[in-house]
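What TrEMBL says about this one:
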DOMAIN    166-212  domain 'LRRCT'
TRANSMEM  215-242  transmembrane segment
């Protein structure tokens with residue numbers, strides 16, 4: 001009976017839904033380095049005893065809600081070197097009740113991991129939140145910030161956490177990371193703001209992890225907008241005044257240099273006859 005199946009680098013773009021029906025005892029599967037654009041959910045749901053799954057090196061752009069909900073026995077999940085992966089959405093990893101190691105590293109465009117990626121209490125898929133029980137790797141992605149996708153007690157139960165080599169923005173949104181073990185914090189190095197660049201999170205005081213006040217930012221934007229509108233009004237008014245001034249000067253000049261039409265007056269002279277003048 002087949003327990004291991006390596007389909008790495010075989011040019012696969014999809015799987016028939018019933019492909020694993022003849023292999024009910026399959027426990028280890030590699031689908032890495034293929035051209036899958038979507039997680040083959042239906043086919044994987046038939047591999048009911050699967051414990052290790054490698055989907056690295058495929059063309060996923062996002063991991064979506066319920067992609068792995070049927071993989072209740074999988075303890076090892078590898079999602080590395082996914083060049084197009086950008087997002088891990090809410091409930092994407094829900095249902096993976098046996099997960100021990102989650103490895104999602106070296107994904108150069110991965111910018112977003114939802115706070116409820118491992119599930120939420122109000123999830124309609126499963127009320128039980130997935131929790132990696134041993135190791136969590138999110139190394140060398142494009143993560144600038146991260147809301148904790150796990151409860152704090154779950155972080156402390158992990159034997160290894162790797163969040164290194166991401167362009168972290170060290171502000172108030174990373175305050176929760178200050179509760180992680182010191183060796184984990186040492187691997188989290190600030191990329192921004194500029195005055196904290198290059199510093200391990202472990203050396204940054206919590207008072208330096210600031211976020212710009214939302215209302216202050218709003219007020220700043222409104223003031224800039226008001227100044228722009230005021231400037232536009234002044235410019236428009238100036239334009240109108242200039243136009244009227246030019247028009248007044250033109251009319252005055254026209255009156256000054258216009259010629260009046262002169263009608264010549266013809267006077268009538270009456271002539272009288274003088275008889276004495278006849279010779």
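The backbone N, Cα and C atoms fix where each Cβ goes, glycine too.
Model confidence over the domain 'LRRCT' (166-212) is summarised by a mean pLDDT of 94. Mapped onto DSSP helix, strand and coil, the domain 'LRRCT' (166-212) counts 22 helix, 7 strand, 18 coil.
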